[in-house]
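As recorded in TrEMBL, the features of this protein are as follows:
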type	residues	note
TRANSMEM	12-32	transmembrane segment
TRANSMEM	39-58	transmembrane segment
TRANSMEM	130-154	transmembrane segment
TRANSMEM	166-198	transmembrane segment
TRANSMEM	210-226	transmembrane segment
TRANSMEM	233-252	transmembrane segment
TRANSMEM	284-303	transmembrane segment
TRANSMEM	323-340	transmembrane segment
TRANSMEM	355-373	transmembrane segment
TRANSMEM	420-441	transmembrane segment
TRANSMEM	453-477	transmembrane segment
TRANSMEM	483-505	transmembrane segment
Amino acid sequence: MDVDLGPRTAGLLPSWLVLLIAILWIGAIVAVWRWRRRLAGEVTALGALALAWFLFFWRPLTTPAHVPRGGGDLASFFFPLHAFAARAVQEGYLPFWNPTLFSGMPQWANYQTGTLYPLNWLTWLLARPFSYGALELLVLVHYAIASLGAYALARYGLSLDRIPSLAAGIVFPYSGFLVAHLGHYSMLATAVWIPWLWLALARLVATQRWRWVGGIALATFLLATGGHQQTLLYGLLASGLWWLACLITWHGSELRRFWEVVAATARSEWLWTLRPLMAEGLRAGLGVTSGLLLAAPALLPALELARRSVRAGGLSYEQASEFALQPIALLSFVLPRLWGDNPTNWWGSWASGEVWGYAGIITLLLAGIGLVWSREPLRWALGGLGLLALLHALGPSTPLHGWIYRFLPFADLVRAPARTLLFVDLTLALLAALGLAAITDTSRNSLALLQRGLAVTIAALSFLITPLLLLPLVASATPPPRAIIALEGVLLAVLWLALTTVWLWAHQTRLPTTVRALAGIALMTLDLFSATAPFNPTPDDLLIDFRHPSVVETVRSASHQDGPWRLLSLTIRWQPSAAAVHALEDAGGLYDPMQPAAYAKILDCARSAPQRPLLDLLNVRFVLTSAEADYPGMRFQQKLTSAEGLVLWENPDALPRAWLATNATVTSLEAALARLCEADFDPRRELLLTGTLPLPDPTATGSTQIAWDGPN
């Protein structure tokens, strides 16, 4: 089944569907208001979250705009893998093996493909034909899941009212971290389930009901099948700390009694006192373990493949520290556009797609209020978790990341410490919800003091910082662009702080509490969306490098005639993993951390010297270059020059998939790999094996026959 590569000419959601959903929502509110008035507020809140989702993503949902800007990993890495999986599922078989990339490698065991994740399966089954738009919509749906999860966690985990809970449901999904990582689909598909796991853990500790064990198991299963090892690892660690905080908060008296018994009695008696707490641990542990066991069909093959991958043996600390949040990048929490406002125009020694965590200036203010003025005991746990996550995100700038790298199992297999900004944004969202709830109960004197502090801050920004940034602009005919961006950021900060001051003043008037709270959420949303909503949408055609019809048809025709044959691309004008989209077979592909290490070494040798016979061994009949590239070698014959600027070269010496060899040499894997990369190696004369050989029979004869026994 072909994949739809045509340019999208409309939004992801048709107008009639948007209108129908709006009518159904209004009808649901009216019906619930008449029959179950208590639920009307919840239905209204869910509609508000859906409206926020729609307004944030209005461009891809209602226009032909794509996400993310530049394509990123979503277009180049995940789209080909999901296109292959969708084709396999729609043709009626399980995608265990992917023959289209890297001369064939496991698909099911490749953890980032998420081949056990339910939402992936739903998309693969329903999207006919599969398209990039289907993947985009799948990605955007996960922001709605994150929004609902954060709302539910604040509403039922922290027992907040609906309107403060809405703040958490808006801040978490649309903060810098998740927005910047839109292209990292497997990370997103894992991260959005963390609030749901925290909710189930909190409710289990609070109610001790066994049904929440099932909730923990389900959330853990979804977390473990989303497809991102690092987020799973850090998510389970953070969830363990969250569970401990809930246990201490709601069972503090039992813990105190336990320590009193420990100090006064024998071991047999204090062990009995510990029994209720052990039961809590067993319930939570049972839920998490059950979820991991359900995900074992995805986890165990992935662990086996990881042992053979390019990440096997772990990363050095220097490699694991790549993409850390540098201390100067902390400015992005208040000046979100300082280092760039989208994934393609960042500057500095870091990428904005990895180190962006902007949650809003008003969010920061409300989070501080929540930490100081709220009466929720868990606020200090949230603050502590957020602080630990921030210290880890700073990488080698603090010792915490090094300790986790050394002592936490599997932590030496992952890099990018800044990815714990996920938990910074989550805790800020929850603390901001607590702050919004606390504002209504705060005395007028405290509010007046806060207003004076904001007034001083506004004055300092307006009369001290702004002139310093304005000076180089008026003194130069060509002002530095970064000074302009910094000045714009400061002026926006002044605007948001001034509006917040007015909003705080409104709390001293007779305006209804609901109106004041909704006004606060509106301000928070404007602040946040102004920075993060424009980050990803682009009018660019992200699939242009997948569309090479003449090349695809030529390679496919040759493979059907006397193949199968593989191709190898030496140009970025051909998307590295496009073969998976077109059902061709490629000796290469886009870099994959789960790629077998031994094959990666061979592929590097073949790419660096395509004129050597190693390419013949890989069954590479065709080589792709750009029209401007050098001639790849004397033995290649020009087959085609495409209208898109690609040149297809034919290798007449390519070997078939199987042939007879009259002699072989047994050697070690390391020696064999080294020999394959030497200039004088010829696969026609040498067969290198790792293992034992039976005694040769000089009179033996035989023939080869290639049989196709199904896709796996």
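Using the three backbone atoms N, Cα and C, a Cβ is placed for every residue, glycine included.
A quick note: this is a predicted structure, and the numbers were derived from the prediction, not measured.
Beyond the transmembrane segment (355-373), the same-chain residues lying 6 or more positions past its ends with a Cβ under 8 Å from any Cβ of the stretch are 167, 171, 175-177, 179-180, 323-326, 329, 332-334, 336, 379-380, 382-383, 393, 418, 421, 424-425, 427-439, 441-442, 446, 450, 493, 496-497, 500, 520, 523-524, 527-528, 531-532.
Note on the transmembrane segment (130-154): residues 1, 3-6, 8, 12-13, 45-46, 49-50, 52-53, 56-57, 60-61, 66-67, 74-75, 78-79, 82-83, 86-87, 90, 119-120, 123-124, 160, 164-174, 178, 182, 185, 188-189, 191-196, 198-199, 202, 426, 429-430, 433, 542-543 of its chain, located 6 or more positions outside it, place their CB under 8 angstroms from a CB of the stretch. Through the fold, the transmembrane segment (483-505) approaches residues 334-338, 360-362, 365, 439, 447, 450-451, 454-455, 457-458, 461-462, 465-466, 469-470, 472-473, 516, 519-520, 523, 527, 530 of its own chain, all at least 6 residues removed from its boundaries and within a Cβ separation under 8 Å. Within the chain carrying the transmembrane segment (39-58), a Cβ under 8 angstroms from the stretch's Cβ atoms is held by residues 18, 21, 25, 28-29, 32-33, 67, 140, 143-144, 147-148, 151, 162, 165-166, 169-170, 173-174, 525, 529, 532-533, 537, all 6 or more beyond its ends.
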